[in-house]
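According to TrEMBL, the features are:
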- 57-77: transmembrane segment (TRANSMEM)
- 86-106: transmembrane segment (TRANSMEM)
- 150-283: domain 'Glycosyltransferase RgtA/B/C/D-like' (DOMAIN)
- 169-187: transmembrane segment (TRANSMEM)
- 207-232: transmembrane segment (TRANSMEM)
- 244-271: transmembrane segment (TRANSMEM)
- 291-310: transmembrane segment (TRANSMEM)
- 417-434: transmembrane segment (TRANSMEM)
- 454-474: transmembrane segment (TRANSMEM)
- 480-499: transmembrane segment (TRANSMEM)
Amino acid sequence: MIVRKLEKVILWAGLLFFACVFLFSLVARTGLAGHRDITLGLAGFPDLRIGLESHPAVTLGLLITVLAAYTGVGLWLHKRPASRGSFLLGLLAVAVSLRLAAVFYLDTQPGSDFRVLYENAQKAAAGDFSFGHSEYYVRWVYQLGYTLYQGLILSWFGPGLLPLKLFNVLFDTLTVVLVYRIAANVFGETSGRMAGLLYATYVPNLLMSAVLSNQHLSTLFFAAGCWAAIALRHRKSPWGMAAVGVLFAAGTTFRPMGAFYAGILLLFLLAVAWQREGKLRYQLGELAKKAAVFAAVYLIMQQAVAYTLIAQGVTEVNLYANQEPYWKFMVGMNSSSYGFWNEDDAVYASQFPLGEQRNHMEKMRFMERLHDVKAMPALFVSKWAVMWAGNDESILWSLEGTDRTYLPLNVLAMERAQYMAMAVMGFAALYVLLFKRARNAGRPQESPEKGPVLFLLALLLAYAALHLVIEVQVRYRLDIMPFFTAIAGFGCLTLGRGVEKRRKAEQTNDKATGL
């Protein structure tokens, strides 16, 4: 009984999440909440302002057009199913061609931290690893993994941005395939195909191919780990979890989100064990074995990489150890900056030497802000609205150092329409899962298995909850979009089949009345 209630709570929370994403995005985009502009102040574009507003008729017209187009494609895929191989080739062609077009059209230059990482990667390619002992890499040691990766590519192919961007295209295309397979495993083949197309054509994913960001690799590895966990969930052998451990450890090498994914994974394994037939004691024993194998591989891989770098003299600190654990929490609870990075907190932290004293002072400031209970509701709403309804920042990151300053408003309009359309699809998916018998496109008489659905929702909801407390950047939204899109793929097919059913009912009624 408790488990069923918890399932309902998660499904209702998912429904509310997608509803709020759509409504907040629509209100912000159409200016229904009043005129408001934001300055996105990136290096190279310090005065570039992108209004959140567009005429309601334009916004709704574009939204309906995009939603109708995707729904039509979903119905076409459902009625004319191609072989898996043929579809995969088509999906790869779409994903690669669009990303190559973005890379060659946008001569994006590294900016902000990305510039620092690239410049040091050039040193690494030349055999100079002294930067690993600098204050920047001691403080943000997790940036070392991506720097060394870039250095490796530069040592193979020589200096220049193009090889790195082409590898971005490769990694992003593999992520497209993973989104397709994740959604297909959870919701059925046609829903998976629709999710793959949604992710392949989502504008921010295309633009970020031209940006040297650690998100390309981290998103790939974490998505691969989640796909492996879903695909292997019914195997009794615990060794499949070893692959998940390897993939999550690899993702953590480029972005310190492994603990987050590991925690949700363990809850997923528990849910799968709970739903299986058989003695609970046996199921929990099997769960314990899987969790132990995952944890052992995950931790051993991290320690092996960390101590190899220390032994080679690249760094003197553990790659996976957070040297400033309270920084993101302190910044995230700053109501005056709405949880964004800000100069005030940066100056405050720099007064104290890196280590125990700085950590203590940042913790104290975080606790002070945590006790300001009156400011929290407004802060949380503001942070949530910016994180999940704000303009996507990939537009400006991809324009760094280019002369394409006429693009932002046009690209923004398409991104907003795509994003809101996927929110509508996500809402439709959750509505069906809650109130109707969900029919899997590949197996019409079956409903999606609850465990994997709840796994995707738990990732999405927990990620949203985490960013109520820690520092926010709209760019971080892209990390979780594979799972957002997987759910939207099922919703897109649901909408399409609903429209088709209504059309057939109207035709039947017309025939019955002799019209």
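Just so you know, glycine gets a Cβ as well, placed from its N, Cα and C.
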Proximity verdict for the transmembrane segment (86-106) and the transmembrane segment (454-474), three or more C-beta pairs under 8 Å:
no
Counts by DSSP class (helix H/G/I, strand E/B, coil) across the domain 'Glycosyltransferase RgtA/B/C/D-like' (150-283):
109 helix, 0 strand, 25 coil
Within this structure, do the transmembrane segment (417-434) and the transmembrane segment (291-310) have 3 or more Cβ pairs under 8 angstroms, counting pairs 6 or more apart in sequence?
no
Would you call the transmembrane segment (57-77) and the transmembrane segment (454-474) in contact, using three or more Cβ pairs under 8 Å, pairs 6 or more apart in sequence?
no
For the transmembrane segment (454-474), sequence-distant contacts whose Cβ falls under 8 Å of one of its Cβ atoms, 6 or more beyond its ends:
7, 10-11, 13-14, 17, 182, 186, 226, 229-230, 260-261, 263-264, 267-268, 271, 327-329, 331-333, 338-341, 380, 383-384, 386-388, 390-393, 480, 483-484, 486-487
With a Cβ cut-off under 8 Å, give me the same-chain residues at least six positions beyond the ends of the transmembrane segment (244-271) that come close to it.
3, 142, 145-146, 149, 214-215, 217-222, 224-226, 228-229, 232-233, 287, 290-291, 293-298, 301-302, 305, 319-320, 322, 450-452, 454-455, 458-459, 462-463, 466, 479
Stretch in 169-187, 207-232, 480-499 most in contact with the transmembrane segment (417-434), if contact is a CB pair under 8 A:
480-499
Restricting to the same chain and to residues at least six past its boundaries, which positions have a Cβ under 8 Å from a Cβ of the transmembrane segment (207-232)?
99, 102-103, 106, 108, 110, 114, 117-118, 143, 145-146, 149-150, 161, 164-165, 167-169, 171-172, 174-175, 178-179, 181-182, 185-186, 240-241, 243-244, 247-248, 250-252, 254-255, 257, 261, 265, 268-269, 394-395, 397-398, 400, 411, 452, 455, 459, 475, 478-479, 482-483
